[in-house]
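Visitor: Shown below is the structure under consideration.
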Amino acid sequence: MKIHEFQTKELFRTYGIPTPEGRMVNTAEAAGEAAGELGGFPVVVKAQIHAGGRGKGGGVKLAKSADEAKSLAGAMLGSRLVTPQTGPEGTLVQKVLVEQGVSIAKELYLSVVADRETAGIVIMASEAGGMDIEAVAETTPEKILKVFVNPLAGLSAFHCRQAAYGLNLPAEAIKPFTQVVSGLFKLFVDYDASLVEINPLILTTDKAVMALDAKINFDDSALFRHKDILALRDTDEEDPLEVEASRFNLNYINMDGNVGNMVNGAGLAMATMDIIKLAGAEPANFLDVGGGANAEMVENGFRIILSDPKVKCILVNIFGGILRCDVLASGIVQAARNTAIHVPLVVRMEGTNVDEGKRILAESGLDLHSAASLKDAAARVAQVVAAA
């Protein structure tokens, strides 16, 4: 789960991480008033959406007066901001952050992230702040410093010093930088985050260290422990189908292709999408119904897949274990009765009660393609899509 920049900065301040003073507003008039209250110009007007790359898309603007802040906010609010992360359709801007401008001496990058390779936590830092860190990692990886932290031992002062020295910070900035790293790390651990990022972290002309931007990703599986964070969720920033799927405990991610797929298990789902692509088609979604799915969940899964107008065919790929094949088959029949399945359906299943599952489907009278293997299923899907 993600939250907005202004919400993240509120969390930052509770952990002793300095940020510019700012106000979140949702009208142009309020933006002008907020600009006048901040105590000096220029101010920065920043569109509040969950996607990155806002500056390049025109979502971050400098205002030298309250009237200019009002005008800029008016142009942003109600518009669709297009960034490299939103896709061509963009994201509707419903809030802006009006923030005090600061004098920047140096821009840095700083983040704390879960590292799967070491099963630990890594502090990532770079002097290439304010830039697309993925691009920096690809073109000039030597510019990124990594400090690995054992999660059982926790953060120590030497980790912070290692990062500070690696960034060539002036002596007077090392102590405030250490405080920022400590706060960021504690926030990461306390809230079960997968990423906490400041880009850029700035050194001001008066030697202060400050978070100019803020981003945090929370582990969805741990949100039951953080009701305060869950209350910050903005479903307007999320894909409507993904929000709907979450109501039924379905793991769904919308994609750009035209082959819907329903699978049990994340690994099998990713392999299924790979096979679809190898067969020359494109997956329209990732949908893991999980091992404990029942007929109702299967029906809801079909309803969500069919809500996507791009879908021209559906591939069901199930390895029956906890989710038995007969339960899946009953769910398919139930979905066909209650939800008009108006696209071709390809079903491949193996495992527990597979013969009973195949019998249920065979006697249902449904128009579907039964595949003997995953390769056969993908080939059938590709044929159906090509003929559509």
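For all residues, glycine too, the Cβ spot is worked out from N, Cα and C.
Pulled these features from Swiss-Prot for this protein:
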- K46, G53, R54, G55, E99, V102, E107: ATP binding site (BINDING)
- N199, D213: Mg(2+) binding site (BINDING)
- N264, G321, I322, L323: substrate binding site (BINDING)
- 9-244: domain 'ATP-grasp' (DOMAIN)
Visitor: Among the binding-site residues G53, R54, E99, V102, E107, G321, report those whose Cα falls within 10 Å of that of N199 (Mg(2+) binding site); none is a fine answer.
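Guide: The binding-site residues passing the 10 Å Cα test are E107.
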Visitor: Taking the residues N264, G321, I322, L323 listed for substrate, what is the greatest CA to CA distance in Å, to the nearest whole number?
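Guide: Looking at N264, G321, I322, L323 as a set, their Cα atoms extend up to 10 Å apart.
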Visitor: For the domain 'ATP-grasp' (9-244), provide the mean pLDDT of the predicted model.
Guide: 94
Visitor: Tell me the Cβ neighbour count for N264 (substrate binding site), meaning other Cβ atoms within 10 Å of its Cβ, over all protein chains shown.
Guide: 25
Visitor: Helix, strand or coil: which one is R54 (ATP binding site) in, per DSSP?
Guide: coil
Visitor: Neighbourhood of the substrate site (N264, G321, I322, L323): other residues with Cβ within 8 Å of the Cβ centroid, in order?
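Guide: Same chain, not in N264, G321, I322, L323, Cβ within 8 Å: G265, G290, G291, G292, A293, I318, F319, G320, R324, G351, T352.
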Visitor: Just the number: how many Å between the Cα atoms of R54 (ATP binding site) and D213 (Mg(2+) binding site)?
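Guide: Counting only the Cα atoms, the answer is 11 Å.
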